[in-house]
Structure formats: structure tokens, C-alpha cells
Amino acid sequence: MASFKGFSANTVPVSKAKRDISSLAATPGLRSQSFTPSVDMSQSREFLTKAIEQGSMSIPYQHVNVPKVDRKVVSLVVRPFSSGAFSISGVISPAHAYLLECLPQLEQAMAFVASPESFQASDVAKRFAIKPGMSLQDAITAFINFVSAMLKMTVTRQNFDVIVAEIERLASTSVSVRTEEAKVADEELMLFGLDHRGPQLVDVSDAKGIMKAADIQTTHDVHLAPGVGNIDPEIYNEGRFMFMQHKPLAADQSYFTLETADYFKIYPTYDEHDGRMADQKQSGLILCTKDEVLAEQTIFKLDAPDDKTVHLLDRDDDHVVARFTKVFIEDVAPGHHAAQRSGQRSVLDDLYANTQVISITSAALKWVVKHGVSDGIVNRKNVKVCVGFDPLYTLSTHNGVSLCALLMDEKLSVLNSACRMTLRSLMKTGRDVDAHRAFQRVLSQGYTSLMCYYHPSRKLAYGEVLFLERSNDVTDGIKLQLDASRQCHECPVLQQKVVELEKQIIMQKSIQSDPTPVALQPLLSQLRELSSEVTRLQMELSRAQSLNAQLEADVKSAQSCSLDMYLRHHTCINGHAKEDELLDAVRVAPDVRREIMEKRSEVRQGWCERISKEAAAKCQTVIDDLTLMNGKQAQEITELRDSAEKYEKQIAELVSTITQNQITYQQELQALVAKNVELDALNQRQAKSLRITPSLLSATPIDSVDDVADLIDFSVPTDEL
């Protein structure tokens, strides 16, 4: 990504300078101070991007003085399981300063990372393996990338011990021992001249050794890559551009060895030994759109076993020449764009973590640009992007190459403001359609004549003869180049003859230029002695490493046995799932863990039954007492109910008696009332007939009686007597 060079470290914005001048004029003798609030640029990237797009010249910034850090040189010894130990040294960056506190654990972890064969031939382990010649910082970077890709974890001081334990758990128990005559088994690396075996002593005492020395002198100089962080930017970007055009051998193989090897294991390649297209086993990744037709972008037959798999088949015998996993850009690009803004991991990040070379079609590039989600799709450090999946299609049409290169330079927000016309021309030009139509006419040409463009032995000239002179008639240009390509089958034979002639010339020169071959005999004998001594030391070192590995295995076994003995005799009823995870963390064998958990389950069941029986026995007495009390209370309740029924009967009898008495009393009262009425009537008749004076009724004087006036006058008139 291009860097913004609008301001240097001491540059002052124009508006700020004008404001300072005006303040000096208004207040002489005083030093002007900026009233613009300081902004931390590391946390204001969106503000800076917006200011650049709008062409603003006034951007507040803050100058931070970074203190100097005294970094010491640290040396570590890495002991791979399948080769000899080697030392790496260098300084540790301040961001990884916490590693100084755990150097022994770091050496232990690096031993596993330097032994990719311990992880069941994982491609990720091979890609991030630590090799001799690396600097310490490059080895730490490889270790961090290994942890991120294999364990999906981030290296921190808090979880460093957990990471080391997890790496040991993943590593296979079988450790391969390096033999004296180790050979590289990867036929692809040997085929493409990318073998980087360790240095070996060459005996030049005979003609065979001299021929071998001459062969080594004629080969290109190859050195180990110092790591991505130390690659010259021009070399790195040149290599990415070559991969983009399907020209991996044109990149500097000192840095892109692994990527080139993966490329020729994925994409269609012509095998000169078998005389046909190689049968590829490794699968690649294609980012494409849902509506494009992939069959129109290759000269091979296209077979789709399922919705996510694409096979390229040879047109002669239908064997598989390339395998790809198809991923639709519409499904992953929007989510990846949102994940970048939120700082999360996307599906596309997981796909990129498992490969080094990917393919993206021209239509997919245009789709991400059109929808504004192109950031982080092609500009990745850990993958090399190839436009298209058929090398011949990309080499002949160049569809999408310019657009992909533009997206590798800047983010889309910057391109929309600074390179809008260029972006418009790449999105709306009709040249891609014309080249695509011309390529369809190529499919009708001879299939055998096109095989030379998939021949890896053409080295840097791979694909260069296509369209050397571009004419207005694209179809005629393709036909001319196809006619010329039919003469390229003799090139490998001629190159082999040239190499043999060079070997003969060098051998003759070495023999003729040696005036005193006898003088070299002592040196050669000394060289042979040193070689035998080195071989003996290597064998002793190998035996020592084997004994050391056996001792470490015995120690681990003893620790495991002691722990197993304790766990077997320890009585516990804890059968929680977390307990099984803790036993797994201390590396207890799965069968032992299963036996322990089953035993705990049985003990827990026994204790539950025992506690149930004791509780039942203790509660039985109380239950009996309560039962007896319940019986007594039931009897009392029965007696009370009988008494209540008896009382109810008595009450009913009393009520009946009272009712009868009331009736009797009522009758008697009615009789008395009637009798009273009768007597009253009789009294009235007698009163009318007899006049009774008060003096006759009482001997008491009338005056001495109170309320005499209220008394009834019973006097009877005398005339009625």
C-alpha cells in the first residue's frame, strides 16, 4: 500500500502557519501557540483518509517522542527432531519483549515448529517451519504465524504456556531420525530446480566428483530466504506481479520457493517425463462470481462433481489436471469487509490461512470494486494472488491483471479519489470482452500445440512468446503465435545438450588449468579425514539426540505412570465434564481417563445408595412415631365425631321439645287471652250493675294514696244497686 507523504516529521500545516503569523501580529513579543487540539493519528485513520480525499491542507497531528529501547542480542538453540540442532540469534522487538521471560519454553516450542513432520505432514506446518539461516525475529514471526494458522490462537504472555502444551499435544509421537543419505522426496521441487538441501562435502579426487562439482558450478546461486519482513519491497512486489500473471518462475526463487512449489502442485503443468499433463492431487482456491461461466476461461474440459468443486480434465484422456474449490465472491467479500472494520476474523481469513496461492477471476475483481468491498481481498502478505485459474487464458487475454495490480497499490477509497479515471477505464473498457471472444476461437485450434505453454522447463520464458506483437486483429495475433509455438517441442532437448556441453568444457578447463595435481593429494586426504570426522560426529550427535529423546519419553512416561497410579487409587466422586478436560490438560491417556471417570461414576452411585439407606433408617423411627400419633389422633377424631353426633341428636330433641312447648304455650296463651276477654266483658257488665266507691275497696284514705286520680273509678251508681 502506498504511503502518504503529505507531511514530514517537522512539517507544519499551511492553515496553522497562517494562524501563527496572525497571532504574532496581534500580540507582539509572545510566542504563538496552536489552539488546534492534538489528535493521535494512530487512532484517527478515518479522519486522515477523509482529509486526503478532500484535499485538506490542515490536518491536526501530534508528535510523540518514542524512547530508545536498549535491545540485547539473544541466541537460541533450536533442536529439530529429524535433523541436527542449529543456533539462531538476533534482537527481539519491543512488541515481543515478553518472550525474554520465557526463553526455555520458546526453545521447546521452536523445536516442534522446526519439525513439520511431527504434525502428520501438514502443509501449514511446512509453510511456517523454522529453518537454519533465519534471524531470531524471522523465527519468532514464523512461530506466531504457525500458532495463528494451526491453533487459531494469539501469542501473549498469559497464554504462552497453554500454547506450548497445545503444540506438544498436536505433535505426533513418532519422531523421524535423519539418515546420512537424506533425500528430498518432493519431485516437484527437483523438477523445477528448487531443491534447497543442506550443504554436502564433494569428493573431487575422481572424475565423477569433478563432474558433480562442475554441475554445482553451472547451477544458479540459491540462498535461504531471510523472511518476508526483510525482503526488498521491489523484489517482493515484482514476485507478486509475476504470480499474478501465472509466471512464478520469473520471480526471485530465493524468496518464493515454497509458493512456486505450491503453484506447480495446483495449476495445470506439463510433465516432460510422461509426455502429458501432470495429474494434480492438491486442490486450489477460486474466487468467482455466481453468474460467470468458468468453462469459457480454460482450454480444458470442466467437470463439477459438486457445487463447490471444479476439476479441469485433459481433452485427450479425461484425467484431472487441476482441482479447485469454488468460492463465490458474493458470499465472502461483504462479510470480510465488515469483519475488517470490526476487527474480527472472517471466513475469507480462514480460507487464506490454509493456502499460499489463490485464483480470482476478472469478474470477481470487478464485482468487489463495484460493490465497494475490495479492501483486503488481493492485498495479503501470506498468499500470492493469480488472476484466473488457467495460465494460458491469463497469458493470452490479460483480463483482470491491471485491475488486480491497481487494487494491490491502494485501498478503494483512495483509488476512487486519486485514480478514478483509471479505475473507470478498467471497469468499463471493452478490451476484456474482445480478448475473451478471441480466446474462444483458440479452443478450436490443435490441443497438442498448446501444451508447450504449460511446460515448466521453459524457466523465465514461460508464457513470454504469447502476443509479442499485439495487432489490431487479436484473433490473427493468436493464430500467428500458435503457429510459432508448434516449434517449441525441441527446446528441452536443445537445452539439455547445451548443459552437457558446458559440463564437458568446465571439466576440460579444470584438468588443463591444474599444473600440479600431485600437490592436491595431501589436501584431498585431509579433506577426506575431515569428512569422515564430520560424519562420525554427526552419527554421535544423532545417537545422542536419540538417547535424549528416549530419556525425555521415559521421564514423561514415568510422570504419567505416577500420576496414573495416584488417580487410580484416589477416591473421588467428581464426574463433571470439566474434570475430564483437566485430566486431558495434564496429558492423561484417554483410556486411563475413561477408566477413572467410570470408576468415579460407580463410587458416586455407591455413595448415593449408602446415603439413601442411612437416611431411610434414620427417618423410619420418626415415621413410625408419626404414624402412631396419627392413629391416636384419628381415634380421637372418631370419638369427637360420635360425641358431636350425640350432641346434635340432643340438640334436635331439645329443639323439638322447645317447639312443642312453644306450640302448647301459644295455645294456652290464646286460651288465657280468650278467657281474659271473657272475664273483661263480665267485669264490664258487673261494673255497670254495681257502683263501688273507693272507700269500699280500701281502708286507706284516698288522700294518702298517690295518684288517686289515675285510679279507675269503680263506683257504681246507687240507683243501680
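Just so you know, glycine gets a Cβ as well, placed from its N, Cα and C.
The stretch that Swiss-Prot tags with coiled coil, taken from the ranges 218-255, 256-293, 522-559, is 522-559.
Swiss-Prot tags one of the stretches 1-13, 157-169, 417-429 as region 'Interaction with sigma-NS', and that stretch is 1-13. For Cys572 (site 'Important for the formation of viral factories'), applying a Cβ distance below 8 Å and a minimum sequence separation of six or more within one chain yields Arg600, Val603.
For His570 (site 'Important for the formation of viral factories'), the Cβ neighbour count at a 10 Å cut-off comes to 10, with all displayed protein chains included.
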